[in-house]
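**Student:** The structure under discussion is supplied below as structure tokens; questions concerning it will follow.
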Amino acid sequence: MTIRHQGQQYRPRMAFLQKIEALVKDMQNPETGVRMHNQRVLVTSVPHAMTGGDVLQWITQRLWISNLEAQNLGNFIVKYGYIYPLQDPKNLILKPDSSLYRFQTPYFWPTQQWPAEDTDYAIYLAKRNIKKKGILEEYEKENYDFLNKKINYKWDFVIMQAKEQYRTGKERNKADRYALDCQEKAYWLVHRSPPGMNNVLDYGLDRVTNPNEVKKQTVTAVRKEIMYYQQALMRSTVKSSVSLGGIVKYSEQFSSNDAIMSGCLPSNPWITDDTQFWDLNAKLVEIPTKMRVERWAFNFSELIRDPKGRQSFQYFLKKEFSGENLGFWEACEDLKYGDQSKVKEKAEEIYKLFLAPGARRWINIDGKTMDITVKGLRHPHRYVLDAAQTHIYMLMKKDSYARYLKSPIYKEMLAKAIEPQETTKRSSTLPFMRRHLRSSPSPVILRQLEEEEKAREAANTVDITQPGQHLAPSPHLAVYTGTCVPPSPSSPFSPSCRSPRKPFASPSRFIRRPSIAICPSPSRVALEGSSGLEPKGEASWSGANSGPSVTENREPSADHSRPQPRAPPKARAALSLGRFLRRGCLASPVFARLSPKCPSVSHGKVQPLGDMGQQLPRLKPKKVANFFQIKMEMPTDSGTCLMDSDDPRAGESGDQTTEKEVICPWESLAEGKAG
């Protein structure tokens, strides 16, 4: 079916519907349009259905607009009947969820030439009355009774058509019948909206003539066209650069007086509920504001437009014995914008007071202007004194206005003017308070910036083996601490090395990670040890930091009391991953705590802070092997994290309870050899 839009010739305000139709056509494109598929509604499978979320997403991606703008445009499309809802027909809005919608057939589009007549609506209501067995909405019952009285002469035809359409509809299958019912209901909801719903098609009366129709050229029309072009040739032409310069100058001059661009002093009364702005800028206030007085110096029209400015200018003219000029101009304005019934009376008074020979306030105008004015007063009208008013206006503008700006009257007024200070209402949550407005960035630019940022993040590969990466402390992270008893020779994988079955504690109870100066990262310790400048039996970082050394905090034991031969310096990173796996900690879930205030415990739980939660029982000191710790002993009183390495040959002795040193799992064999 072709789309007929001849009805738009008489409805210029509905011309935007053609743009909506073009967008709806793009939506129905099988390749680039909205995804449509069969959906089951109640007991019927409706074909070519779509969800509101898919429509909103398509509009956002197709037009490159924000979600709010796409939602507004989608609501317009639904309200004008191009898309109708299946599940909630009365609610003509686009829901951004899984609600089902269908495209309206072009026959029911608003741009069709045929109008929504009362006969068609009566047939629709009669058919619904037969189908629902008299159960209609209240407004539908009222319209049914009203149409029965209005077109009673052809009501038999209405009932006959309704019965025939109802019988034809029963012969269709369920899906087609359900879709056609939804289409008709959506059409009449748009064209016969129920009470309380906004009628979007209410545009007023149609034009009598077609504005797009080509008119026949007549002699009178051609003469008017010739006269128009002759007058256009007589006008003075100005270069575009001069005109643009004048516009820029005017904008710069009046920018400080623009309440929208620069705000208003002392405050905006519509925002702060403070009427001081209106009080200071009253028409005839005793002392005006400084900004108001400065505006009088912009041009003569600004002065004569302001009642307070006219009052001051009148006082100046009286001192120069020319006050009748401004009085005549005000009388002409009263005649021009006053009551029509008093035009003749006011014109006679003005003539006797200002223009008649020997008048009390006679004005000085040239003889030609006087003759034109006197002839026009024979048949007075609103604009009969325009020639004399223009003459007096130009006289005051070119002569009196310049002297007024240099007079002591204006200077004294400017000196006494009030300059109010900006006041804001603290309880107001509105952000508009004398601030320069900036236009929002385009959604297209924002989306391009987001895509570029994502591309840069994807291109940056993370190498955790490089020094300096991931070594900064993260105060918001909490690392799980577990324990692992050293395995026995008979059982290399101890049961205590299995992962705990209980879930982690609440993140709010985790202890924050300390500063790197107190307990450095094991990666940094390994990297510092790889330099080969420090023996393995010494703590290289204990002397540089303010914290106590490892040897001071470690309790004496039988193993450490025996003197052991010192091994040559060896890098910490020299231990390979295979050695770590052979020592039996493959299944260990233990992670380093890296906190000097929360030691590891043997039960594999996270130690709470302070009095939070249930206090765990204190266990006896026990030697454990931690993931990142080389040698560790459970302290009883001190909470200092033990991060040190002893002689590697200590693990080769006969004592099975001696700790075994491990390395970070990400350190490769090549790095160990290089150290």
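Cβ atoms here come from the backbone N, Cα and C positions, even for glycine.
Below are the features I grabbed from Swiss-Prot:
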- 542-551: compositional bias 'Polar residues' (COMPBIAS)
- 552-562: compositional bias 'Basic and acidic residues' (COMPBIAS)
- 646-662: compositional bias 'Basic and acidic residues' (COMPBIAS)
- 30-105: domain 'DEP' (DOMAIN)
- 222-283: domain 'G protein gamma' (DOMAIN)
- 299-414: domain 'RGS' (DOMAIN)
- 524-571: region 'Disordered' (REGION)
- 637-662: region 'Disordered' (REGION)
**Student:** Would you mind giving the whole-number mean pLDDT across the domain 'RGS' (299-414)?
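**Tutor:** Here the predicted model's pLDDT, averaged over the domain 'RGS' (299-414), is 92.
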**Student:** Summarise the domain 'RGS' (299-414) as counts of helix, strand and coil residues per DSSP.
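**Tutor:** For the domain 'RGS' (299-414), the helix, strand and coil counts are 88 helix, 0 strand, 28 coil.
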**Student:** In the domain 'DEP' (30-105), how many residues does DSSP assign to helix, to strand and to coil?
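**Tutor:** Secondary-structure composition of the domain 'DEP' (30-105): 25 helix, 20 strand, 31 coil.
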**Student:** Counting each residue once, how many in the domain 'G protein gamma' (222-283) are helix, strand and coil under DSSP?
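**Tutor:** Residue counts in helix, strand and coil order: 44 helix, 0 strand, 18 coil.
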